[in-house]
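Some notes on the structure that comes next.
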Amino acid sequence: MSRFFIDRPIFANVIAILTMLVGIVTLYGLPIERYPDITPPTVLVATVYPGADAKVLADTVASPVEQEVNGVQGMLYMSSTCSSDGSYKLTVTFEVGTDLDEAQVLVQNRLAVALPRLPQEVQRQGVTAKKQSTNIIMAVSLISPDDRYDDLYLSNYASLRIKDELSRIYGVGEVMVIGSSNYGMRIWLDPEKLKARNLTTEDVLLAVREQNVQVAAGQVGQYPSAKNQGFQYNVTTLGRLSDPEQFGNIIVKADDSSFDNVDDSSGGAARLTRVKDVARVELGSQVYDQWCEISGKPAGTLAVFQLPGANALDVAKKVEAAMKALRPSFPDGLDYIIPFNTTIFVDESIHEVYKTLFEAGVLVLIVILVFLQDWRAVLIPATTVPVTIIGAFAAMGMLGFSVNMLTLFGLVLAIGIVVDDAIVIVENAVHHIDRGKLAPREATIKAMSEVIGPVIGITLVLMAVFLPTAFLGGITGQLYRQFALTIAATAVISAINAVTLKPAQCAVYLRPTKEKKNFFYRGFNAVYNRCEAIYTAIIRRLVRHVAPMMLLFVILVGFTGWWFTKLPTGFLPTEDQGYAIVGIQLPDASSQIRTRAVVDKVSAILRKTPGVKGWFLIGGQSILDQAIASNAAAIYITYTPWEEREGKPGQSQDEILGNFMGQVQQVREAMVFAFPPPAIQGLGVSGGFQMQIEDRAGVGLSELQQVLDEMLASGSGQTGLAGLKSTFRSGVPMIYADVDRVKAKSLGVPLETIFGTLQTALGSAYVNDFNRFGRTYQVRVQADQRFRVEAEDIRRLEVRDKQGQMVPLGTLVKVEKRLGPQIIPRYNLYPSASISGAAASGYSSGQAMKLMEEMAVRKLPASMGYDWTAMSYQEKKVGSQSIYVFALAVLMVYLVLAAQYESWLMPAAVILVVPLALLGTVIAVAVRGMDNNIYTQIGIVLIIALASKNAILIVEFARELRAHGRSIIDASIEASRLRFRPILMTSFAFILGIYPLVNATGAGAASRRSLGTAVFGGMIAATVLAVFFVPVFYVLMQRLSEWRHPQKPVPTTAGSEEALSHSHGNHHPTNGNGNGENGDSSALSDGAHALPDASH
């Protein structure tokens, strides 16, 4: 086949050009993102029970809903929060790869079964189940530079004028308004005025419900009608109201007796009691639980989430363009900023990897030039890089991959692999030109006939290592798949290029090598020749001492295994993503007023913290459990750009957060903590670990709190743990209204009326809807703020008995202070308490999790248990799978080689080198203080392939020598010497190619350093140790093979032996004496023939 392309070089070039064109076209259509779609899909179930506390929500809503949803197909786990503001949220997390639309339908079907068991008020509010986007791209905030608008106006302007525009952008999955809620028609009752008119809250609710109603009045003259009917008219009337004045004019009562204590100063009109007579009506907010600020100023913020598979960078650009187009239509005093943009980190990370890709390519070509010392010879492998790398984008498109960190890492590491085939071909062709005195065409034909087998064999080994990872499931499978299949694709393209374009280029470009006059080349050749002579002498001795070498090998393997198990484990390295998260937690039952005051103090500290560019705040959000709480707030701070911080003291992520935490110690009114975001968006809210302590026997929240406190106290004394915290509180001060049910019944006051009055006055009652600005909003009734300040205000409320007499609640309700939960978190059906934390300096997340597990075993009673969640859940799951990945990779290499060699023993000569390469990985990772994370494990899989490749180069050639009659020892020595140079060349090319990863800086540097360190150390060991041990492994396996199946050596001729000595041959530039290599070939041959045949 190669002869065909040698005779048709244009045909070969057309194939390469088409490969690049398809790759370029595909590249422009590939999504660009940090990671592939590896976040477990989630479905969010939400509802509201106005006025209900956390305990009521847990009993009446959470329990029936979760009993039905539990175990839905594909579910990993579920977690929920029941908040004292009446809100309930349940997040159901599914396996990676689950169809999100199908998951949503399955959850909705389960909810339909639970819905009839829920309270009527919850059914009226509705229970929603929607797909939850977890991959946030950016936040867009509307601000008022001159403070003309408040956060309510800004939030609703964002909802009315911006949200829909951004939602229509291709690639946007969801746009969510953060902070103040939608508009709401707020009817603020005055209980004293109600009392004066003998009215109750129920009277107002009934009036609003009756007089604010959508009316479909019909038509006049509608067919069938009289024969002379000439017109047909629609009948309209004022049904649903739309502004505060109309709601204020709603008539509550028209009874003279209701005005006994009222000064009628307005004549007959005063006989009607309207809403405005007993309440204040305004267009306000539906709820007042949250607010948003940008660097201390009110804001309305939109969070933009990415649609899975969309191009994150492209979506961000379209959002920015849409905002620029909308800006001219903004009213005076309104502007926007983008305070948070995760695609900046993605863009910077991708840019850094592209830069690394270029640097790797240059370093690889420099190594090839140093060894081949001919620009014509370098040009051939140099053209392999663009053809293979660009062509790989076409393969990525066919596989459904995106341009992400993993696929780009695969391309960076592939540079050192794809040039191997070209180097082997070029070196052998040059050898035949220089030694065989053949013309370039004939030399190339001869070279290709000799190397086509090894090229295909090495490609098969690479495929055998990487392809099995495509069948792994979960996050592990997604991470391995994108990386491994990208390298496998480049290996296939490289092999195709090697048998099509490379022979054609060799025949056209190569010329006989001239004697090198350059002093650098002469010096390099002298040093190399000396090293090769020393290496050959060492091998000549080692292969005669197989038993001691195998003993040393066993010791090294044992040491490697022991050290590998001692490496700290982790999932993904913590990155400087350009932002961090700050949580603020005030004492239990603190009001929003107090929280706002603390937020102002923290904002003042952020203004003077070096490295902080800006921040946006979500008040009322408890960051760790994602619940709404008056005593909590979350702040997202953004750093100054990486290039502005790089190399400056105090500007790293750890230093910025350390500086900030040092300053917030002066804020005594609250607990303030800061942490980096999780490595993968959507897996938790912070880095570190998250453990759920579960009350599995229903012993109660107080006992759960006691166990939690013991865990936190014990963990604080552990040297490997840092920042242990939990927001769970079972003893939050609250007011308990104890209804005297007997007395209520005796007075004829329905319990429903008492509870309804409490809910309306204190928690707000959703009555019905109104339309404004083309949208539908809620009408809510609640006591005005000055009538719900203290517990005594409850006693002043009044209800009506059966006789129509007003009864103060103080006569029916006993008010007392108690302790209870403000938020009840639940995990997999059980009430739970979450513990968040991180590994202390010098410890890995795996070590920290192990300490937590040991502590849980000691501290938890039999009635309680624990589970990991979010990132920690995935880390535990991945840790148990990695060993199977390694074993599968080694097994596949073994099987491929067994089929290739038609031997069950000889593949072991290749496989045994893998533990030696692993030793290099372990040393490199340990010396740099890193952990055994997913990138380390991906690097180990790659090292299995590369170490096997180097070993194959020696074993394959030794087998051929042995088949032609050379002794086992002679064959091993000769094969080692002849393959020494190409092994060094390809290995150094790969090692220097990945060196930019080892010392990476900037965005995404932690991931690049982690992967680069593992591969760098492993490849050095695979090169340095393999060249000494592989000949020994070959001698041992060949002896065992022939002991079982004695073979008859084939007599060799001088011509055949010389040809064999040059097969897969090395092109060695002549030294200063004009002798090829170091002149040792004949001496070695004579010495080898003089050796006794140790094969039997």
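From the backbone N, Cα and C atoms, a Cβ is placed for every residue, glycine too.
Because the structure is a prediction, the values reported are computed rather than measured.
According to TrEMBL, the compositional bias 'Low complexity' annotation covers 1068-1082.
Annotation source TrEMBL lists region 'Disordered' at 1046-1096.
The transmembrane segment annotation in TrEMBL covers 12-30 (among others).
Residues or ranges marked as transmembrane segment by TrEMBL: 353-372 (among others).
Look at TrEMBL and you will find 379-401 (among others) tagged as transmembrane segment.
Outside the transmembrane segment (407-430) by six or more residues, the chain places 36, 350, 353-354, 356-357, 360-361, 364, 368, 372, 374, 377, 380-381, 384-385, 388-389, 392, 396, 401, 440, 443-444, 447-448, 450-451, 454-455, 458-459, 462, 482-484, 486-487, 490-491, 493-495, 497-498, 502-503, 506, 510, 513, 938, 942, 946, 949, 982, 985-986, 989-991, 993-994, 996-997, 1007-1008, 1011, 1015, 1062-1067 with a CB less than 8 A from a CB of the stretch. Look at TrEMBL and you will find 407-430 (among others) tagged as transmembrane segment.
The annotation transmembrane segment is assigned in TrEMBL to 451-471 (among others).
The transmembrane segment annotation in TrEMBL covers 483-501 (among others).
Summarising the annotation, TrEMBL assigns transmembrane segment to 546-564 (among others). For the transmembrane segment (546-564), same-chain residues at least 6 beyond its ends with a Cβ under 8 Å from one of its own Cβ atoms are 912, 915-916, 918-919, 922-923, 926, 932, 1025, 1029, 1032, 1035-1036, 1039.
What TrEMBL records for 883-901 (among others) is transmembrane segment. Outside the transmembrane segment (883-901) by six or more residues, the chain places 457, 460-461, 464-465, 467-469, 472, 476, 480, 907-908, 910-911, 914, 937, 940-941, 944-945, 948, 952, 959 with a CB less than 8 A from a CB of the stretch.
TrEMBL lists 908-928 (among others) with the feature transmembrane segment. Note on the transmembrane segment (908-928): residues 553, 556-557, 559-561, 563-564, 567, 890, 893-894, 897, 936, 939-940, 943-944, 946-948, 950-952, 955, 1009, 1013-1022, 1024-1026, 1029-1030, 1033-1034, 1036-1038 of its chain, located 6 or more positions outside it, place their CB under 8 angstroms from a CB of the stretch.
Residues or ranges marked as transmembrane segment by TrEMBL: 934-957 (among others).
Per TrEMBL, transmembrane segment is recorded for 978-998 (among others).
Look at TrEMBL and you will find 1010-1036 (among others) tagged as transmembrane segment. Long-range contacts of the transmembrane segment (1010-1036) within the same chain, counting only residues at least 6 positions beyond its ends with a Cβ under 8 Å from a Cβ of the stretch, are 409, 413, 535, 538-539, 542-543, 546, 549-550, 553, 556, 573, 908-910, 912-913, 916-925, 928, 930, 933, 935-936, 938-940, 942-943, 946-947, 950-951, 954-955, 958, 968-969, 971-973, 975-976, 980, 983-984, 987-988, 990-991, 994-1000, 1094.
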Top partner of the transmembrane segment (978-998) among 379-401, 451-471, 934-957 - counted as Cβ pairs under 8 Å: 934-957
Dominant neighbour of the transmembrane segment (934-957) in 12-30, 353-372, 379-401, 483-501, by Cβ pairs under 8 Å: 483-501
Residues of the parent chain within Cβ reach of the transmembrane segment (483-501), under 8 Å, 6 or more residues beyond its termini: 1-2, 5, 12-13, 15-16, 19, 383-384, 387-389, 391-392, 395-396, 399, 401, 406-407, 409-411, 413-414, 417-418, 420-422, 425, 448, 452, 455-456, 459, 462-463, 465-467, 469-470, 938, 941-942
Distal contacts, the transmembrane segment (353-372) - CB-CB under 8 A, six or more residues away: 378, 381-382, 385, 389, 405, 408-409, 411-412, 415-416, 419, 423, 426-427, 430, 524, 981, 984-985, 988-990, 992-997, 1000, 1004, 1008, 1067, 1069
